[in-house]
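The transmembrane segment annotation in TrEMBL covers 15-36, 57-73, 93-113, 120-142, 148-168, 180-202, 222-243.
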Amino acid sequence: MASWNSTPLEVAYQVFGWIAFVSWSISFYPQVILNYRRKSVVGLNFDFLVLNLTKHSSYLIYNVSLFFSPVVQKQYFNKFGKDKMIPVAANDVAFSTHAVLITVFTLFQVIIYNRGNQRVSTICILITTAVWISAAICSFVAISKHSWLWMINVFNIIQVTMTVIKYIPQVVMNFRRKSTEGWSIGNILLDMLGGVTNYAQMAMQSIDQGSWENFYGNIGKIMLSLVSVFFDLVFIFQHYVIYPSKKQKTASKADVATNFSEPSEQVDVRVV
């Protein structure tokens, strides 16, 4: 496996990676805390949670396999060259492990807190079932041919697909409710920071190696960043521009009332 050519770039790689890990890991907690304070999960789309669990579980399988398995690493080097670096870092493994656990905990909150008339849609159930059945079939094929790298790439494709579609139910739900109440914007802001720094981490490795193999060698990681940032911008636009919270609206009305009342008070004083 190749080694780093530049110590500053290696340090930057580690720094960006762990910033991404901390940002993405913490990003789950504003929603968890919001659910706890409201004792309600109304406004949080359950399809998003189920698809998110499938996405992070697939990503965990990919990261753990490529980071720890010598057999998978050997097949990776045979495909991309022995002078290349493994495109999975320790922070990737740590993040995906934490993501699965905290998503399971959030689903537990769905069970114990008020959820109104919300439920997991039939479409989501069908998609999730089809994904795991497909993964099981591909695993059996890989075992018979010892195609371990191909198998984990299947899970990488699954996590990319889930990344693309998992946000859509929440975007649609916000649109139908004309509100983002119950959906934590703190989650989105931290998620966006994680996506940007994750992309920066990959760039540091590519610049050091003078090659972009780590991008198309781990298309899942790059798609994770790009798609996450895109939908984060959509949520930010929904929250702050299209559907501002009631508190923001109240504050705006109060400001307008104050602006109109001040001139009238001055007129009254002059008349007296």
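Here the Cβ of each residue, glycine as well, is placed from N, Cα and C on the backbone.
Simply put, out of 15-36, 57-73, 93-113, 148-168, 222-243, 15-36 has the most Cβ pairs sitting under 8 Å from the transmembrane segment (180-202). Stretch with the largest number of CB pairs closer than 8 A to the transmembrane segment (15-36), among 57-73, 93-113, 148-168, 222-243: 93-113. Against the transmembrane segment (148-168), the recorded stretches 57-73, 93-113, 222-243 differ in Cβ pairs under 8 Å, and the greatest number is found for 57-73. Counting same-chain residues at least six beyond the ends of the transmembrane segment (57-73), those with a Cβ under 8 angstroms from any Cβ of the stretch are 1, 86-90, 92-93, 96-97, 99-100, 135, 148-149, 152-153, 155-156, 158-159, 162, 220, 224.
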